[in-house]
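Taken straight from TrEMBL:
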- 32-142: domain 'Acyl-CoA dehydrogenase/oxidase N-terminal' (DOMAIN)
- 146-243: domain 'Acyl-CoA oxidase/dehydrogenase middle' (DOMAIN)
- 255-303: domain 'Acyl-CoA dehydrogenase/oxidase C-terminal' (DOMAIN)
Amino acid sequence: SPLQAEQLGTKRLEPSSAKSLLDIGTRKIFSSDHDIFRASARRFFQEEVLPFHAEWEKDGQVSRELWEKAGQQGLLGVAIAEKHGGIGADILSSAVVWEEQMYVNCTGPGFSLHSDIVMPYIANYGSEEQIKHFIPKMVAGKCIGAIAMTEPGAGSDLQGIRTYAKKDGNDWILNGSKVFITNGWMSDVVIVVAVTNREARSPAHGISLFLVENGTKGFIKGRKLNKIGLKAQDTAELFFEDVRLPASALLGKENKGFYYLMAELPQERLLIADMALASCEFMFEETRNYVKQRKAFGKTVAHLQ
């Protein structure tokens with residue numbers, strides 16, 4: 001509980017008082033349980049990710065085996081409720097995973113997007129059948145998730161998307177394209193944001209979400225994109241050409257997709273900010289260690305500043 005966390009946190013150091021910003025046991029928002037989980041996550045990233053990351057950067061993707069190992073380690077779906085098949089921990093436990101990945105400077109695994117962006121949509125808005133079908137497999141790392149919002153002509157402005165799903169009896173026919181989709185190449189299921197009512201009084205009132213599984217006829221994965229960074233992260237173009245989807249592929253209610261996106265985006269932005277901060281902490285410590293060891297003109301660089 002928050003009270004227990006506060007009580008446990010009274011004896012904890014703030015990072016500014018610790019030997020290193022990466023020390024386990026700092027920050028009063030975390031508890032001893034978080035510390036135990038952090039130690040486990042840190043060991044996983046140091047042993048299962050760091051030694052192989054350079055090779056994955058050449059491949060443009062991580063291995064599927066890594067995803068299943070992460071599932072076995074309990075690092076996926078951490079904050080998803082147990083009743084849905086998740087781990088049932090809190091958002092701070094999810095933050096531990098985000099941060100520890102950044103502390104090894106390995107950006108390839110798309111665990112955070114999979115666990116804390118894609119899965120909450122299914123857990124919060126999905127039907128019982130959708131939850132049972134996807135969540136346990138996603139927690140196990142056997143089903144990789146992605147979300148397809150960005151298009152060549154629409155990114156931050158979600159009301160400008162052109163991908164369109166038209167009703168055909170009880171089915172939907174999906175057409176359009178998406179770009180810069182994280183986990184796109186390896187994805188087994190993609191949440192696709194599409195217009196479903198072109199006559200809506202505003203674009204926000206005519207957007208829906210669909211679950212599109214890999215292998216669905218007309219769902220085409222384009223090339224993995226070459227990027228200046230995040231090279232081991234499989235970022236892809238996705239194309240939808242007359243993709244026929246059953247009514248059961250609709251995630252949540254028809255034309256409510258924009259509201260679901262607005263409800264979930266704040267946590268997604270928090271995730272990105274925390275990962276960016278953790279990455280900065282890692283680079284700060286790398287720099288500090290370097291200037292303490294590197295010698296020039298008979299002194300360490302730190303003594304010349």
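Placed from the backbone N, Cα and C atoms, the Cβ positions cover glycine too.
Counted with DSSP, the domain 'Acyl-CoA dehydrogenase/oxidase N-terminal' (32-142) comes out as 79 helix, 0 strand, 32 coil. With DSSP classes pooled into helix, strand and coil, the tally for the domain 'Acyl-CoA dehydrogenase/oxidase C-terminal' (255-303) is 40 helix, 4 strand, 5 coil.
The DSSP breakdown of the domain 'Acyl-CoA oxidase/dehydrogenase middle' (146-243) into helical (H, G, I), extended (E, B) and coil residues amounts to 7 helix, 51 strand, 40 coil.
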